[in-house]
Amino acid sequence: MDFTEAYADTCSTVGLAAREGNVKVLRKLLKKGRSIDVADNRGWMPIHEASYHNSVECLRMLIRADSSENYIKTKTFEGFCALHLAASQGHWKIIQILLEAGADPNATTLEETTPLFLAVENGQIDVLRLLLRYGANVNGSHSMCGWNALHQASFQGNAEIIKLLLKKGANKECQDDFGITPLFVAAQYGKLESLSILISSGADVNCQALDKATPLFIAAQEGHTECVELLLSSGADPDLYCNEDNWQLPIHAAAQMGHTKILDLLIPLTNRVCDTGPNKVSPVYSAVLGGHEECLEMLLQSGYSPDAQMCLVFGFSSPLCMAFQKDCDFFGIVNILLKYGAQLNELHLAYCLKYERFSVFRYFLKKCCPSTPWDHISEFINHAIKAQTKYKEWLPSLLLAGFDPLNLLCSSWIDSVSDDILIFTLEFTNWRRLPPAVEKMLSARASNSSWALQQHIASVPSLTHLCRLEIWSHLKLEHLQSDGFIRQLPLPRSLHDYLLYAEVLRMNEVPELAVFQDGEISETT
């Protein structure tokens, strides 16, 4: 039911007179014996109307008509007494009259809100002084979540009220239901003056909420540079862990949210154990997660490792692997990581296949030859199988870069890929001299496959093909990063083409591969 809207047809004539401050009409109604305790749809009686609308004389008349404690303290359906309503509007005289008549300065609404809290919320310092004079409790919970008046004053940045509450004995370390103190609130919302007052009063700058977040962490997260500076100069610890897993620090928050000025403050002060330490998470991951290139470069420039440590928290083996999840920031982040020496491996090639970044796949092959043995060959093959429908965009590049096709010829590849792909893979081998285990799997596959696959396996490789394989066996992997080395061999162009499998590519209608250039990758790479 909506208790915020007053329905005109539910308000009594006495209530309406009190609302309008019509003393003359109210006096006549009282003389006629009209009731003063008829409630409207919100549970508001005439005493509530007079208090909320600052009808001083009407309130006095109502109290003279019934000065009982029950009437003075009567509540609306939401648990507001007349004192709450007057405090919410800052009606000093009304509040004085109610308090003198016996109103409870510590009364609470259904949401456990006190008149003192409402006075603070509305910035009514004179009302606050009056309530305190009549015994309002400056401590304790003033709202349902345990948030009290000092929290509210700190949130609003009301310096006068903060000073008054502290002077009257407010607990500067009071916590709400989430373990948050007023100082934490000031840091969270960037209330620099509130923060300064609380620090000067001795409030703990290293307090922690129930989730272990600190004022420094929350200020760094929210981008309040001046608050971060004040906290650091006041003894806030940048190495105090801010989560249960003991890895999250203020530097992570600044990096993830892109607050470069704060990051610049924290980099020289933060212990480097988070860089590559086991069971930690490098802030490099945070910068990549947030997609903030400037923060990423700041960290790497200051000496943080571009490879970091394996991150079980986010499920990535390196920041470069995480970068694949960043659509709009991908190329900028990858370029920065490579610029600072990020090590490429087969997992990065696998992620290229997973996210169908085939141009980047070819670029990575150029930057990092597929050296053996691979530590994550199974994961690579799984992604390769899923990307088989677009094999022409990546498989030729992989095999021409010197990747041993025998690494592909495992049971999952042989059983899963199409005949065309399997035949294409075999073109880079001597298919009549394969390991027995591979021959057995191919024979089983061929028995249930097309005539083309059966014919290919049964055929004898040409002498020229065997010579090609022999020449390739003497090439180093770095010679195969591009076709440049082979093109420079003192051989006719037709032999260059043959060594580069031109006839195989042509037969399989593989498009001409892009000519790679050194430099940064982009959407057009």
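Just so it is clear, glycine is given a Cβ too, placed from its N, Cα and C backbone atoms.
According to Swiss-Prot, the feature domain 'SOCS box' maps to 441-505, an assignment based on sequence analysis.
Within the chain, the repeat 'ANK 1' (9-38) has long-range Cβ neighbours (under 8 A, six or more residues past its boundaries) at 44-47, 49-50, 52-55, 57-59, 61-62, 65-66, 71, 74. The repeat 'ANK 1' annotation in Swiss-Prot covers 9-38.
Counting residues per DSSP class in helix, strand and coil order gives 20 helix, 0 strand, 10 coil for the repeat 'ANK 2' (42-71). The repeat 'ANK 2' annotation in Swiss-Prot covers 42-71.
Applying DSSP to the repeat 'ANK 3' (78-107) sorts its residues as follows: 17 helix, 1 strand, 12 coil. For 78-107, the entry in Swiss-Prot reads repeat 'ANK 3'.
With helix defined as DSSP H, G or I and strand as E or B, the repeat 'ANK 4' (111-140) counts 16 helix, 0 strand, 14 coil. Taken from Swiss-Prot, the feature repeat 'ANK 4' covers 111-140.
Residues annotated as repeat 'ANK 5' in Swiss-Prot: 145-174. Counting residues 6+ beyond its ends, the repeat 'ANK 5' (145-174) has Cβ neighbours under 8 Å at 114, 116-117, 120-121, 123, 125, 128-129, 132, 138-139, 180-183, 185-186, 189, 191, 193-195, 197-198, 201-204, 207 in the same chain.
Proximity of distant same-chain residues to the repeat 'ANK 6' (178-207), defined by a Cβ-Cβ separation under 8 Å and at least 6 residues beyond the stretch ends, is recorded for 145-146, 150-151, 153-159, 162-163, 166, 172, 213-216, 218-219, 222-224, 226-227, 230-231, 234-237, 240. What Swiss-Prot records for 178-207 is repeat 'ANK 6'.
Same-chain residues lying 6+ beyond the ends of the repeat 'ANK 7' (211-240) with a Cβ under 8 Å from its Cβ atoms: 178-179, 183-184, 186-192, 195-196, 199, 205, 248-251, 253-254, 256-257, 259, 261-262, 265-266, 269-271. Among the features that Swiss-Prot reports, repeat 'ANK 7' is placed at 211-240.
Confidence annotation: the repeat 'ANK 8' (246-275) carries a mean pLDDT of 98 in the model. Look at Swiss-Prot and you will find 246-275 tagged as repeat 'ANK 8'.
Positions annotated as repeat 'ANK 9' by Swiss-Prot: 279-308.
Broken down by DSSP into helix, strand and coil, the repeat 'ANK 10' (315-346) contains 16 helix, 1 strand, 15 coil. The repeat 'ANK 10' annotation in Swiss-Prot covers 315-346.
According to Swiss-Prot, the feature repeat 'ANK 11' maps to 348-373.
Long-range contacts of the repeat 'ANK 8' (246-275) within the same chain, counting only residues at least 6 positions beyond its ends with a Cβ under 8 Å from a Cβ of the stretch, are 214, 216-223, 225, 228-229, 232, 238-240, 281-284, 286-287, 289-290, 292, 294-296, 298-299, 302-305, 308, 313. Residues 78-79, 83-84, 86-92, 95-96, 99, 105, 148-149, 152-153, 156, 158, 160-161, 164-165, 168-171, 174 of the same chain, all 6+ positions outside the repeat 'ANK 4' (111-140), place their C-beta atoms under 8 angstroms from a C-beta of that stretch. When Cβ-Cβ distances below 8 Å are used as the criterion, the repeat 'ANK 9' (279-308) is approached by residues 246-249, 251-260, 263-264, 267-268, 270, 272-273, 314, 316, 318-320, 322-323, 326, 328-329, 332-333, 336-337, 339-343 of the same chain, each at least six residues removed from its ends. Residues 3-6, 11-12, 14-23, 26-27, 30, 36, 77-78, 80-83, 85-86, 88-89, 91, 93-94, 97-98, 101-102 of the same chain sit 6 or more residues outside the repeat 'ANK 2' (42-71) yet have a Cβ under 8 Å from a Cβ within it.
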